[in-house]
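Asker: The structure follows.
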Amino acid sequence: MSHEKNEASGYPEAQSWKSQEAMLGARTEVSRWRAVKNCLYRHLVKVLGEDWIFLLLLGALMALVSWAMDFIGSRGLRFYKYLFALVEGNIGLQYLVWVCYPLALILFSSLFCQIVSPQAVGSGIPELKTIIRGAVLHEYLTLRTFVAKTVGLTVALSAGFPLGKEGPFVHIASICATLLNQLLCFISGRREEPYYLRADILTVGCALGISCCFGTPLAGVLFSIEVTCSHFGVRSYWRGFLGGAFSAFIFRVLSVWVKDTVTLTALFKTNFRGDIPFDLQEMPAFAIIGIASGFFGALFVYLNRQIIVFMRKKNFVTKILKKQRLIYPAVVTFVLATLRFPPGVGQFFGAGLMPRETINSLFDNYTWTKTIDPRGLGNSAQWFIPHLNIFIVMALYFVMHFWMAALAVTMPVPCGAFVPVFNLGAVLGRFVGELMALLFPDGLVSNGNLYHILPGEYAVIGAAAMTGAVTHAVSTAVICFELTGQISHVLPMMVAVILANMVAQGLQPSLYDSIIQIKKLPYLPELSWSSANKYNIQVGDIMVRDVTSIASTSTYGDLLHVLRQTKLKFFPFVDTPDTNTLLGSIDRTEVEGLLQRRISAYRRQPAAAAEADEEGRNGETGASFTGEAESSFAYIDQEDAEGQQREGLEAVKVQTEDPRPPSPVPAEEPTQTSGIYQKKQKGTGQVASRFEEMLTLEEIYRWEQREKNVVVNFETCRIDQSPFQLVEGTSLQKTHTLFSLLGLDRAYVTSMGKLVGVVALAEIQAAIEGSYQKGFRLPPPLASFRDVKHARNSGRTATSNSSGK
């Protein structure tokens, strides 16, 4: 019947079939698009996880940041000179502009870093060295530090002071590498890399920082290896070169785009002769530059350290400077700006030149001792002072900028020492070159050929040698020939740099290692070949035997006691205190989390409700107790506001954040409970107030004591089941190698699976450096005891063997 009805009615049935087919087709089309979309998304996620995508993104980003920083800094210096020229003729206004402009910028940079991220102050390379070696330094690789470092460094460079960009920019590049890696991990859904891959990422970031700072991709990789790593993975070579080359290319292209340069050239382009760049007779002069640079580089590190140590001493001046953080940079800026005032004392040592202008003038092809009219020399004319010898001007520049640079880099702003030291080395080399040109005015004759002396070549070699002496790196020679485009001078550069390193390493540590020692950062000293007595030391001689551990049978009270007594970040996890078999390692935060989940106001809610049900309290009793409890809580909260420390979980927080000893108030007093303070501190009182009011203070105290006696269930926390282990007989040399390669900060010492001690960076450092008494280095006492015992045993063995024969 219905079929006939459909036939009589015409097309409704066909129309319904068409609509169903259309809907089915639409669904099919949507499913196809979804499949294509999912495929593209998976492909995109896979591509974003590739190393080369990460390197290209990081290289482009760092090139853009470096170019923007240079662009803003150059415009700031140009505006500085414009203001100074605007008030020409009025000495008072000129002095005011010359001093106030850098003063405002330095104070802004210092204040901005102090507010946003104090970790942004300084170079950043010493901290990176310790992070790459396995130490954990908080807030050094965060977005806040990146913002503070970038803004502070840009503003500080605009002041025209002897401050460098290289160190802070290496830190900036490492932060960018870390943040970009986290972003790509989040997008692609993969977990963050373990330590050894994170170290590779930081190393690549350091290489990119050097590459796009100077436009030197080869030197960027080599310098990052020398300065930041004790061991470098070969797998990271191509990453460093790819990212460095791409970032340097983008950095130079951006300079051409804004018409700062005509084409892709070296940053400090030179035009020395290329057919025969130097003569063999000049090698002694190059060697003298290297040796002198070694002495002056060590002196620079020593002077810088003495300034920092003096500022850290407790006296009246340092107390004022610590309370008012802006006084020190203000005083230093005022003194340096006053001494560098061009119409004043600054006119006698070329203080009117900015850092880049100074380098360009020192690298020119002119011989200043032969110049009669300096007006055609451009910026080099600043070195010519009427009635004053050019050698005196260069000597004054070297002496004044030597201590000025050592003082300026101690200011609490993002700054490095590479460029100031580079300038000092260039002046030293130029001084020797001009002296050679004066001694041999007609040049040097060799095999019938005449070679003219170019002092600019000596300046380049001096710059490489001085920076190598301060940083203890040989790759500064590669930086210099990439900066200047003069690869033909590699041999004399290498000779001078190696000699400078030999002298400087025998006198002082590098500038970065010196800062590490001053800041007492965790680091691992190098184990030199000459330390033969160190190879007789074993782990059993230097390990800490009194180890605080957590057993699988521990109670919550035991955990609280452990957190109170120690400030360790990790605890060894053993089966029982008697057998002491090592099962793993537990993070301190995991232990705190266990206590927090067990002894807290939220945990008391069901306990209070259950106890109320068991005792059958009525509303009248509860209401009468409520007012009583509120008054008691108000009194205890008032005591807590006065800063008294509480037992329980509050003691955990106090011991974690403040290492002071616990309060001498007896723990038996009911008011000394942690849950009450947690109610005020964490804001849980509003949620749990109805249940809390059902318990008296004595009941809360008894409940907490009962909970502390409960055995901990460690299944709810993360335990590292494979902590690094050593045996007592492991040599110090092998331990040092393992710590360096794997970036360890501690290792547990076991014997047949039993925990017998722990060795950390501090013990290895003390063993390598040793203790000094009247010039003699003493080995650890246990090592001497073991050697004597070994000698006795060997003597007995020899006696028995001889008697057997």
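Here the Cβ of each residue, glycine as well, is placed from N, Cα and C on the backbone.
What Swiss-Prot records for 1-48, 508-805 is topological domain 'Cytoplasmic', and it gives similarity to another entry as the kind of evidence. Annotation source Swiss-Prot lists transmembrane segment at 49-86, 93-116, 141-159, 166-184, 237-256, 283-311, 320-339, 388-408, 416-439, 490-507, citing similarity to another entry. Taken from Swiss-Prot, the feature motif 'Selectivity filter part_1' covers 122-126, and the record attributes it to similarity to another entry. Under the heading intramembrane segment, Swiss-Prot lists 125-132, 201-213, 217-225, 456-470, 473-484, 485-489, citing similarity to another entry as support. As annotated by Swiss-Prot, N-linked glycosylation site applies to ASN365. Annotation comment: Swiss-Prot describes 543-601 as domain 'CBS 1', evidence class sequence analysis. The feature region 'Disordered' is assigned by Swiss-Prot to 606-625, 653-684. As annotated by Swiss-Prot, domain 'CBS 2' applies to 719-776.
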Asker: For a quick check of packing: other C-beta atoms within 10 Å of the C-beta of the residue listed as 'N-linked glycosylation site', how many?
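Answerer: By my count, 12.
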Asker: Given the transmembrane segment (93-116), which of the listed stretches 49-86, 237-256, 416-439 has the most Cβ pairs that are under 8 Å apart from it?
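Answerer: By Cβ pairs under 8 Å, 49-86 leads among 49-86, 237-256, 416-439.
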Asker: Residues of the same chain, at least six outside the intramembrane segment (485-489), with any C-beta under 8 angstroms of its C-beta?
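Answerer: Same-chain residues near the intramembrane segment (485-489) but 6 or more away: 265-266, 269-270, 272, 274, 277-278, 457, 460-461.
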Asker: How many helix, strand and coil residues does the motif 'Selectivity filter part_1' (122-126) contain under DSSP?
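Answerer: Going through the motif 'Selectivity filter part_1' (122-126) residue by residue, I get 2 helix, 1 strand, 2 coil.
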Asker: Can you count helix, strand and coil residues in the domain 'CBS 1' (543-601) using DSSP?
Answerer: 22 helix, 16 strand, 21 coil
Asker: So are the transmembrane segment (166-184) and the transmembrane segment (141-159) touching or not, going by 3+ C-beta pairs under 8 A with a sequence gap of 6 or more?
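Answerer: Between the transmembrane segment (141-159) and the transmembrane segment (166-184), which are separate recorded stretches, there is contact, as judged by 3 or more close Cβ pairs.
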Asker: With a Cβ cut-off under 8 Å, give me the same-chain residues at least six positions beyond the ends of the transmembrane segment (49-86) that come close to it.
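Answerer: Non-local partners: 94, 97-98, 101-102, 105, 150, 153-155, 157-160, 165, 169, 172-173, 176-177, 180-181, 184, 188, 190, 204-205, 208-209, 211-213, 239, 242-244, 246-251, 254-255, 258, 260, 354.
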